[in-house]
């Protein structure tokens, strides 16, 4: 029987990197201060790290899937060079009003739907109750709730925090950089 592992599900734009809007080029990708160290610490604490990101810019024709994949590969290698190995990267290229027909659809992977988290759970054998979802928007919290993620963490490094998002979260932190110490404090 497979051993189940706890995970940190991570939104990308506004959580891992500064959200400049439809980030798809290496030059525009800027890691938020402290997140790489935090991710390294979370790995040491025994968590799988799984990126779950809506990328509607693909459906909207702002950038191609190939451009997204090139940037994602660069991000993955940049993190690996700093001793942060991601366990999974899941993305949704769809949008119901997309201008690119192949990606114009209602799907179950676009947050607030839980599809990406469920796929990761099944593939990586994740213990959802012991896991955390970290994101900057209400949709991240809703996806986590729908997937039965144990702790929903809203961060202030992305979109302005709304009261609705705050109410949907279990924790509100200034940044992903603060998560390792928050988890340690809670586990005492």
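Each residue, glycine too, has its Cβ placed from N, Cα and C.
Annotated active site, nucleophile per Swiss-Prot: 11, in sequence order. Taken from Swiss-Prot, the feature active site, proton donor covers 13. Here Swiss-Prot flags 11, 13, 136, 137 as Mg(2+) binding site. The substrate binding site annotation in Swiss-Prot covers 11, 12, 13, 19, 20, 21, 22, 53, 54, 55, 56, 110, 111, 137 and is backed by similarity to another entry. Residues annotated as Zn(2+) binding site in Swiss-Prot: 92, 94, 107, 109. Annotation source Swiss-Prot lists site 'Stabilizes the phosphoryl group' at 53, 111, citing similarity to another entry. The site 'Contributes to substrate recognition' annotation in Swiss-Prot covers 110.
Neighbour counts of Cβ atoms within 10 Å were taken for the binding-site residues 94, 111; the minimum is at 94. In sequence order, 11, 13 are the recorded positions from 11, 13, 22, 56, 92, 111 with a C-alpha within 10 Å of the C-alpha of residue 136 (Mg(2+) binding site). According to its DSSP assignment, residue 54 (substrate binding site) is in a strand. When the Cα of residue 111 (substrate binding site) is compared against those of the recorded positions 13, 92, 94, the shortest separation belongs to 92.
Cβ neighbours within 10 Å of residue 107 (Zn(2+) binding site), excluding its own Cβ and spanning all shown chains: 15. Inclusion criterion for the recorded positions 11, 13, 20, 92: a C-alpha placed within 10 angstroms of the C-alpha of residue 53 (site 'Stabilizes the phosphoryl group'); this criterion is met by 11, 13, 92. Nearest Cα neighbour of residue 107 (Zn(2+) binding site) among the listed recorded positions (13, 20, 56): 56. Distances between the Cα of residue 20 (substrate binding site) and those of the recorded positions 11, 13, 92, 110, 137 are shortest for 13. Counting only residues at least six positions away in the same chain, the Cβ atoms of 54, 56, 92, 94, 95 sit under 8 Å from the Cβ of residue 110 (site 'Contributes to substrate recognition').
In sequence order, 57, 60, 62, 63 make up the list of same-chain residues 6 or more apart from residue 22 (substrate binding site) whose Cβ falls under 8 Å from its Cβ. Note on proximity: of the recorded positions 11, 13, 137, the one nearest residue 109 (Zn(2+) binding site) is 11, by Cα distance. Residue 92 (Zn(2+) binding site) falls within a strand when secondary structure is assigned with DSSP. For the pair formed by residue 13 (active site, proton donor) and residue 137 (Mg(2+) binding site), distance between Cα atoms is given as 10 Å, rounded to the nearest Å.
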